[in-house]
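Here TrEMBL flags Lys81 as active site, proton donor/acceptor. Residues or ranges marked as NAD(+) binding site by TrEMBL: Gly185, Leu186, Gly187, Ser188, Val189, Gly190.
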Amino acid sequence: MIWGFDGMPALDHEQVLIRTGPRSRLPVIVAVHSSTLGQAVGGCRLWRYADWQDGLADALRLSAGMTAKCAVAGLANGGGKTVVAVPPGAELDAATRRAVLDDVADAIASLDGAYATGPDVGTTPEDMAVIGERTPHVFCRPAQHGGSGDSSPATALGTLAALRAVSRRLYGTRALTGVRLSLVGLGSVGMRLARLLADEGADLLVSDIDPAKRAAGEELGATWASPEHALTADTDILVPAALGGILTGDVVPRLRCSAVVGPANNQLATADVAGLLHRRGIVWVPDYVVSAGGVINALTLELHHETPDVARQRVEAIEHTVADLFGTAEQRQVTLAQAATELARLRLGTPPAALRPASA
Ligand SMILES: NC(=O)c1ccc[n+]([C@@H]2O[C@H](COP(=O)([O-])OP(=O)(O)OC[C@H]3O[C@@H](n4cnc5c(N)ncnc54)[C@H](O)[C@@H]3O)[C@@H](O)[C@H]2O)c1
C-alpha cells in the first residue's frame, strides 16, 4: 500500500466527496476510486471512528479494494465506498439515523450516477430503501422495494464455489464430501455456508463467540468448538467467516490446515502475513475473491438487469476464477494474492498506483 501524508492512503481516487451532513451534522464521505470498468460501487459504512479522518482513511482504502474486487470478479463496475464517521460513544436515535441516511442519499445523488451504494457494516437492506427514496443509485434494497435484499446467501454460495476450486486443487475433486473444514463465525454468511457444506457431507467443526449459535451448528451434525480451538484445529481448510484481522503473525505458525478460504473481510492482520502463510505452504485465497458472491449477485440483478439464473451462474463462476488464479500462480511462480492483483491490473489497463486489492 502506498501511504500519503499523515498515514493517509495515497489519493489516486477519481473523486472524494466530504461534507458535514446538513441534517445529521455528521461527516459523510463518499470515495469514488475508479470508474474505468463502469459505475463505481461499494457499501455504506455507518461506524464509530475516534476521528473523522480515520473514517476518510477507511473510505479511501475500502473503495480501492472494491475496484480490485469488481475487476477480479469480472464485473463491469469500479470501486467506491461511503463512510459516515460517527463519534465514539454517540448513539443514533431513529430520527438521527433517518437524517444520516437522507444526507448520504443527497451526497450520492449529487454524484450524478458516478457511484451506487449498498449495505455494509452498520447499514441494512432496509436502510437502502430509505436511501432509495432520494436516489436511484442504490442496491440490495428489500425485495418489496425492488431490490435483491440480503446479500449473505450469494456470499455463502460464492464461498462454496471458491472452496470447490481449492478442494479440486488440493484433493483432486471439487466435491467437499469428507473434507474437514473449520468454520469460524456462524453469522448470516457462516450459518448459510455451514448448511451448504453439511448438505454436501463435509466434516465440519464450527465455532462462534456467541454460544447461542451452538445448537444450530450441532443440528447440522457439526462439532462445536471454541473460536480459538477452531482457528488452530487440525483440519483441511480453515474458513474465516467472522470479523477481520484473524490471521496474525502469532497465529500463522500455529495453524494446522492446508488452506485458508473464507468470506471474512480483512483476514490478514498485516500485509506481511500473506508471505508467512505462503512460506508455511498454506494456500490463502484472498478474501475479496472469495466473498465477491454478494456483490456479483446484487449488481447482476439490479444494475445489469439479468435473471436470477444468470446471477447464480456468475456467483458460481468464482470457482473458475480461483482455478484460473491457481493456474497463473503456478505459471508465474507467484502467490494467489499476487496473481489476483495481476488480474485486477490487467482488467483495469493501467492500474491506479495505490490499487490495493484488500478486503472491501
Ligand atoms: N454479508 C455479506 O454478504 C458479506 C459480503 C462480503 C463479505 N462479508 C464478510 O463476511 C464476514 C461475515 O459476514 P456476516 O454478514 O455473516 O456477519 P454477521 O455479523 O452476520 O456474522 C458474524 C458472526 O461472527 C461471530 N463472531 C464475531 N467475532 C468472532 C470471533 N472472534 N470468533 C468467532 N466468531 C465471531 C459473530 O458472533 C457472528 O455470529 C464479515 O467479515 C463480512 O464483512 C459478508
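Backbone N, Cα and C define each Cβ position, glycine as well.
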Fill in the CA-CA distance, Leu186 (NAD(+) binding site) to Lys81 (active site, proton donor/acceptor), as an integer in Å.
26
What are the non-local neighbours of Ser188 (NAD(+) binding site), defined as same-chain residues 6+ apart in sequence with CB under 8 A from its CB?
Asp150, Ser152
So which other residues, same chain and not among Gly185, Leu186, Gly187, Ser188, Val189, Gly190, have a Cβ within 8 Å of the centroid of the Cβ atoms at the NAD(+) site?
Ser152, Met191, Arg192, Leu193, Asp208, Ala241, Ala242
I'm trying to understand the geometry here, so how far is the Cα atom of Gly187 (NAD(+) binding site) from the Cα atom of the residue listed as 'active site, proton donor/acceptor', in Å to the nearest whole number?
23
Would you mind reading off the Cα separation of the residue listed as 'active site, proton donor/acceptor' from Gly190 (NAD(+) binding site), to the nearest angstrom?
24
In terms of DSSP three-state secondary structure, what is the assignment for Leu186 (NAD(+) binding site)?
coil
In sequence order, which residues at least six apart in the same chain have a CB under 8 Å from the CB of Gly185 (NAD(+) binding site)?
Ser207, Asp208, Pro240, Ala241, Ala242, Leu243, Ala264
